[in-house]
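Novice: Below: one structure in structure tokens.
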Amino acid sequence: MTVKTRFAPSPTGFLHVGGARTALYSWLYARANQGEFVLRIEDTDLERSTPEACAAILEGMEWLNLNWDEGPYYQTKRFDRYNEIIAQMLEQGTAYKCYCSRERIETMREEQAAKGEQQKYDGCCRDKAPRDTDEPFVVRFKNPTEGSVVFDDHVRGRIEFANSTLDDLIIARTEGTPTYNFCVVVDDWDMGITCVVRGEDHINNTPRQINILKALGAPVPEYAHVSMILGDDGAKLSKRHGAVGVMQYRDDGYLPEALLNYLVRLGWSHGDQEVFSIDEMKQFFNLDDINKAASAFNTDKLIWLNQHYIKESDPEYVASHLEWHMADQNIDTSNGPKLSEVVSALSERAKTLKELAASSRYFFEDFAEFDETAAKKHLRGVALEPLTLFQTKLAGLNDWTLEAIHQAIEDTATELEVGMGKVGMPLRVAVTGAGMSPAVDLTIFLVGKARTEQRISKAIEFVANRINS
């Protein structure tokens, strides 16, 4: 049997990290078993579902490279199918029309609560014949009243619900639209889903859905209910913990591999290994290894992983993601070094692509002024001689190579009988405007000869003005 999983978000907001982790687990289980992964948009909540949210979900999935084999399917385009099944169930007696008013239902629940009883529908219309009237009605599933529903959850083990505790679920509203719990069942059946991976908040839906599947004569899939994600304070993850949409992590400068690596470890482990390539995730991932305890989100760990991926990934690949941030920060990269060369130069220290983009600005455009602290320390009178001598040597360079630039810096220090730092630091501030950069010879090489000459002239003028002021 081919393994077939699905990710079925509701388009009422962005794709958040909890949803992204569920999608990843479902995707990995399919890929690890040479199966298929389906994307389904559960948009039956017509009031809250929006095209913008749907677009955000698709964008997030594409950015994470969680490709799907089928879909996206939209529940709102399948209403005819749901209504067809509801009509069959009414005819077969596995569902019935309920004419109870909202007022009667509310009174019933109040009385049950007063007696300390479980609040559920009392079956008033369960065995009554349909009325030949225009009275409004809902359609309820005739849930079994005896026995129990048992399923073996990949994460939580054996779970059992007594049928006596389950309600006769509404499967069609008064206006005729099918309900979420019913649509899910029909979709999983029609799409051949063999394993449902979802959040633990769906556990109570599972016995109802299993009973409907059995009533339809449909196969029951396997289930894996993953725990929620907590903030680092132990509370449910929310916006105050920085719980944001997946694309916000893109905007903040994270690589998709870093976020995926972090999310896969947020509840799953393989020995003591922390860093996983996508291929390793596919190789080692197993639903049975997911921890049933809730996991706490740790931004510091995510940053550490992101820094690792920026440093260790192919510079060309990192540059392809960096392009977005350069454009976002209005940095024109058409007049400067190759972006992959900038990545190679700066990746050692960068924690995020956003940070890397900001720190690379001087490679592509001139700066208005020198950093005050760096200039005060390194653009003093003693810097005038090394700056002037190096500029002379720079003008005589015919081959613009890293080796030639390094030799010019070394020759300047030798002729002036000073340490390399006495030449390198004034040059660094002159060329970048700041006190930190990659190796000064590499920095000068990437900035280019013309820009370097202009900036050294600017620095010489700055030092001369300080001396004369």
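A Cβ is built for glycine as well, from the same backbone N, Cα and C atoms used for every other residue.
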Novice: Which range is it, out of 76-80, 91-95, 206-210, 236-240, that shows up in Swiss-Prot as motif ''KMSKS' region'?
Specialist: 236-240
Novice: According to Swiss-Prot, motif ''HIGH' region' applies to one of these ranges: 9-19, 108-118, 130-140, 449-459. Which one is it?
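Specialist: From Swiss-Prot, the annotated motif ''HIGH' region' range turns out to be 9-19.
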Novice: Can you count helix, strand and coil residues in the motif ''HIGH' region' (9-19) using DSSP?
Specialist: 3 helix, 1 strand, 7 coil
Novice: When you scan the chain for residues with a C-beta under 8 Å from the motif ''HIGH' region' (9-19), skipping those not six or more beyond its ends, what do you find?
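Specialist: Hits for the motif ''HIGH' region' (9-19): 41-43, 45, 48-51, 53-54, 56-57, 60-61, 199, 228-229, 237, 243-249, 259, 263, 297.
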Novice: Mind giving me a neighbour count for Cys125 (Zn(2+) binding site)? Other Cβ atoms within 10 Å of its Cβ, every protein chain shown.
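Specialist: Counting Cβ neighbours of Cys125 (Zn(2+) binding site) within 10 Å gives 19.
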Novice: Among Cys98, Cys100, all listed as binding-site residues, which has the most CB atoms within 10 Å of its CB?
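Specialist: Highest number of other Cβ atoms within 10 Å: Cys98.
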